[in-house]
Each structure stands twice: as structure tokens, then as C-alpha cells.
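Q: So TrEMBL lists these for the protein:
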| type | residues | note |
| --- | --- | --- |
| DOMAIN | 10-199 | domain 'CobB/CobQ-like glutamine amidotransferase' |
| ACT_SITE | CYS95 | active site, nucleophile |
| BINDING | ARG128 | substrate binding site |
| ACT_SITE | HIS192 | active site |
Amino acid sequence: MSTESHLRLIWLYPDLLSTYGDRGNLLILARRADLRGLPVECAEVRADHPVPADGDIYLIGGGEDGPQALAAQRLIEDRGLHRAVERGATIFAVCAGYQLMGHSFYAKGAKYPGLDLLDIDSNRGETRAVGELAGETHPALGLPALTGFENHGGRTTLGPGVKPLAKVTTGIGNDGQSEGAWNGRILGTYSHGPALARNPAIADLLLRWATGQNMEPIDDRWPTALRNERLSAIAK
Ligand code: GLN
């Protein structure tokens, strides 16, 4: 952890990439850190501000094509996120944020360069992927099933430098087969929701990556009820 042992959570570009309640992911992370007695500092960094390189966990959310392209351009020029990754920071990237971690993505019919932080490329899909998304998570992550909601036009191809977050059981994700990607401490997903409310084990994984500490179990009756409700609704 960084400054005076506070865990620094940085929500990037809420003014551009916050279409799907992405602030919820910040709240869940801060709450779950707090319940473990970890002091937390949260910062919301708008697109006209430099990206601080001293964060522990960076969150970047979903958005429409125009704001997504603008966010990519600013993050490429800024390089703060790249410096953070070189320091070993953790990143949780959702949908548009996930696509722009890769080498390239499409927005408004044109191809744009991404940040090259994940070995993925995103292309246009023939249809929009909208609806429930669920999958069996990669065994190395030690997570329960992924549940979420997706709404995107792009499709994502994974290169050899990443592993999928999950094998799709409902919905589309990257391509109807796999969903999301991760490498090192960077994890991307198409799951909105907000994703961490529906997948608290992912929040704990991010906290473990950022602190190097195992997270003690906490009372998860409510999120478990929510997860079970959604998973059984999908199964019907
Ligand atoms: N604009 C991207 C797409 O449609 C991402 C959308 C999103 O973040 N929901 O593929």
C-alpha cells in the first residue's frame, strides 16, 4: 500500500465513463476494505486532470463510444496509468474501460489505439450484446461463478498474454465463449451491474492483489442472496 499505509482507490474519469452505476464499484471496494480495518482514501479523477501514479487500485468504467475514444486518447497522452502499472498497481476495468486496456478498439465505426496494458483487441460485433452475463471463472482465480449484466457492441479477442476471466454460460462476454481477461493485477470484464456488488469475491481479489493480504470473510448474506436470485433467474 502507498501513502501512510492508506489504500488509495482511484476512480478514473467518472465524467466520461460512468454510464452504468460504476461508482458502486468504488463504494463496494471501500466498504469491504473498511470492514477489514484497512484505512482507505478514495479519489475521483476527471478526464481534465492528470492521473496520479500513486494509487493502489484504479477503477475505470463503461461508456458510450464517443467518451470511450476521448478517454483512451487522454490516458495514452497522460501515461499516469502506465506508470501506476509499472509500480504494480491493480486495475479493475469494465466494458468500455476494459476494451481500452487493449491494443485497439472500435468506436463510432473507426479503429482506435488502446493503452496496450492487456493483450486484447476489440472489434465491432454484428449485434449488440445486451442482457444477463454469467460464467465459470478461471480456476486460477479461486472465484465463484461470475454474474452480471452486459451492454456492448464490441467483441474482444484475447492474445496469448492474457487469460479469460470466465467461460461464458449465459450471454456473450468477449465472443460468446469467454468473458473478460486478466494478467498480473489487471482485470477486465464486460460485467456491469455494478459488477462488484454482484461479485464481492472479485472485490476481495482486488484488495488481496493490492495489499498482499488475505481478506477475512465478512457477512455476505445480502450479496449472496442477490447472486443466488440472479443465477436462478438466468437458469429458468
Ligand atoms: N462502446 C463500447 C461498446 O459498445 C463499450 C460499451 C459499454 O461500455 N457499455 O462496445
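Yeah, the Cβs are placed from backbone N, Cα and C, and that goes for glycine too.
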Q: For ARG128, HIS192, listed as recorded positions, tell me which one has the smallest number of other Cβ atoms within 10 Å.
A: ARG128
Q: Could you state the whole-number distance in Å separating the C-alpha atoms of the residue listed as 'active site' and the residue listed as 'substrate binding site'?
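A: Answer for this pair: 15 Å between alpha carbons.
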Q: Go through the recorded positions CYS95, ARG128, HIS192 and pull out the ones with a Cβ less than 6 angstroms from some atom of ligand 1.
A: CYS95
Q: So if I draw a 10 Å sphere around the Cβ of CYS95 (active site, nucleophile), how many other Cβ atoms end up inside it?
A: 28
Q: For the residue listed as 'substrate binding site', which DSSP three-state class applies?
A: strand
